[in-house]
Amino acid sequence: MQEPSGDGCGHTVLGPESGTLTSINYPQTYPNSTVCEWEIRVKSGQRVQLKFGDFDIEDSDACHFNYLRVYNGIGPTRSEIGKYCGLGFQMDSLIESKSNEVTVQFMSGTHLSGRGFLASYSTTDKSDLITCLDNASHFSEPEFNKYCPAGCVIPFADISGTIPHGYSDSSSLCMAGVHAGVVSNILGGQINVVISKGIPYYESSLANNVTSKVGLLSASLFTFKTSGCYGTLGMESGVIPDSQITASSNLEWPDQTGQAHIWTPERARLKRPGPPWAAFTTDVYQWLQIDLNKEKRITGIITTGSTIAEYYYYISAYRILYSDDAQKWTVYREPGVDQDKIFQGNTEYYQEVRNNFIPPIIARFVRVNPLKWHQKIAMKVELLGCQFSIGRAPKLTMPPPPPPPPPPQSNNDFSLQTDKTTSTPEIKNTTVTPTVTKDVALAAVLVPVLVMVFTTLILILVCAWHWRNRKKKAEGTYDLPYWDRAGWWKGMKQFLPAKSAEHEETPVRYSNSEVSHVRPREVPTILQTESAEYAQPLVGGIVGTLHQRSTFKPEEGKEASYADVDPYNSPVQEVYHAYAEPLPVTGPEYATPIIMDMSGHSTAPLGVSSISTFKATGNQAPPIVGTCNKLLARTDSSSSAHALYDTPKGMPGLGSSAELVYQVPQSMPHFTGS
C-alpha cells in the first residue's frame, strides 16, 4: 500500500480492506499551508466507503483554501466526488466510490481554528463500519455487531479495563477490541459487543501494544464475545512436562556459601514462585522453546520478567517462531506485512503482558526469541490457545509460482534457520462442531427412547396398583358401608381403655334377673326403632349408685314378661345384638328405667334420686307431656315397690301413652299402694 504524501498527513494506517487516516496534529489545530494525499486501493471488483468520525475544518474562505476533497480513482484520470469544509460539520452519511480506488486530499491555508478530521474506510460489504472514536455509550442496544477499521490504536484515545472483567463504557470500542485480542490493529475486523452493568474499579494492563488505564465507577461496561480459544496450554498447570521446555542457555552462578544457582528452562512457568528462566549469554541469539507434543491452535502469549525484586530482569521485545518438527522454523508476520512481527514485551519485572496472534498459529513447537531486555534475559511465559483437530481443510491446487530471487544477506547472522513468509499463516477453524460418530448418534436416539419406555412402564404400574387398592376398598370383606362407619367406630370405642376415674363417672351395673319390664302395650312402640344406637349394657351387679346413668337396648319384637329369657343370652343372633350400639349423634338421649329390688332393703330416704329414660321410636322427640303412670317393680318377695314417674324431660304437651317417656321421680316422697 502506497504511503501518503505531503506534510499535512497525520496518523495513518492503510490496510487491505480498511484503514484510518487523520490530519496532522489531530485533535489539535492543524498548521497553516499544509497538504496531504492518501491513495486507497482495495481488491478489484470492490468499492470503498468513507466514514468521518470527526470533521472540523475552518470554512471562512468558503472552502477555497481549507478543505477536504474525495476523488474516484487515482492519478490524472480521477474524478471528484465532493469537496467539504466546515467547523463541527456533521457527516452522518457514508461517501462511496464507484471503483476500488479512492484519493483523499487535505488542504490547509491560513486559518485561526480547526482540529482537522478523522476518517475511516472499508469495503462496501462492511455495512456496520464504525470509526476509532465510537464508544459503547453511542449505542443503546444491549448487544450489537460492528466492524472496526484497521489503525485504531491511536495515541489520543483512552480505554479503561481488561478482559475478562470488561471495559468502561467511555472506552473506544475498536481500541478495546485490539487490547482484548479480538481484532488486529493492522487488519481491523468484526466485533461482537455485550453491554452490562458497570463495576466500581477497572484495572490497568498492557496487551497488544495498548495500555489500558485505571478507571473508576461507570454506569455500564462492555465485553466481547469470542470463539473461546483463549485457554492456557499447560505451562502454569504443569500439563507440559519439564522435558518439553528447553532453552539456548541457562544462567548459573554460585552464591556466597558456594551453592550453585541455575535458572533452568522449566522455571519459565508463569505464576510459579521462585526465579525464572534466564539465559547465560545476553544476545539476540537466545531462545526459549516449548514443545506442545502435538499441533495446537495458539492464539496468544503472556510474559513476565523475573518476578523477583532483587533481580530486576525482563524482556522488552521479542519475536515468535513456530515449527512442526523443530527443524524448519517460521517467523510470525502479520498478513500483508513484509517484516517480522516485533512483539512488545514487559516494561518492568513483575507485570504480565499479553500479545495475541491474529491470525492464530497452528504448530507444535514455539520459540521465543528475545530482541531487547533489561540487564539480563529472563522471563516466565504461558501460551494461550486450544486443541486443534487433526484433519485439515483441503488446499486448493495452484500452479507453482516462479522461483523468487535469493534474499539479500542480513547483517545479523542468526544461528536459527528461518523461513520468512509473506503470506498469511494457515488458519484452522476449531469452532466447527466435530463430526459425530455413528455410535454417538445411535446413543443419542436410544437414550430418549429408553427413558420414555421406562417412564411409561412406571406409570402403568402405579395406575394398576392404585386401581387394585380402590377395588379392595370397594369389595373388601371387612369394610362397612359408608352409613355404618361412624356407628362402627363408636362401638369399637367401647373396647378401648376407659378414661380415668376423675374424668369418667362409675357406671351403674345390673343383673339379668333384675331387669324389669314395662307394660306390653308400651314397650314395642317405645323400644322398637331401627336407627337407635345403644351403649353396651352393664350386667352382673346390684345397683351401686342410683344417681349414675346407663343405657341398654332391650329385647325387640316381643312383649316383656317375668318368664322371658335374658335378652342378652338370646340364641337368635340375627335379631338381638351381643352389644348395644352407640347412641346417634343427632337424636336425643333418654335415661333407662332404674329397676330396684326393694325386698331386702328399707325404704329409701327422701332425696335419693335416680334417672332413667326410654327412647321413643324414630328420631323425633315425643310430643307428649307425659301423664304419671306406674311401673311395677320386680322383687323376690311378696312385697312390691311403687315408683312414680313425672313427665318426660323437656317435653311439654300431651299425647298417647305409647309415646311416653318416663323419668324416675326427683326428690319425691314414697307412696304405697297400687
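Backbone N, Cα and C define each Cβ position, glycine as well.
Automated prediction, rather than curation, is the source of TrEMBL annotations.
Quick caveat, the model's predicted, so the values are computed rather than measured.
So that you can see what the record holds, here are the features copied from TrEMBL:
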type     : residues : note
COMPBIAS : 397-409  : compositional bias 'Pro residues'
COMPBIAS : 410-428  : compositional bias 'Polar residues'
DISULFID : C9-C36   : disulfide bond
DOMAIN   : 9-124    : domain 'CUB'
DOMAIN   : 126-222  : domain 'LCCL'
DOMAIN   : 229-386  : domain 'F5/8 type C'
REGION   : 395-428  : region 'Disordered'
TRANSMEM : 440-465  : transmembrane segment
Integer average pLDDT (0 to 100) for the domain 'F5/8 type C' (229-386): 94
Winner by Cβ contact number (other Cβ atoms within 10 Å) across the disulfide-bonded residues C9, C36: C36
The domain 'LCCL' (126-222) - residue tally per DSSP class, helix then strand then coil: 11 helix, 40 strand, 46 coil
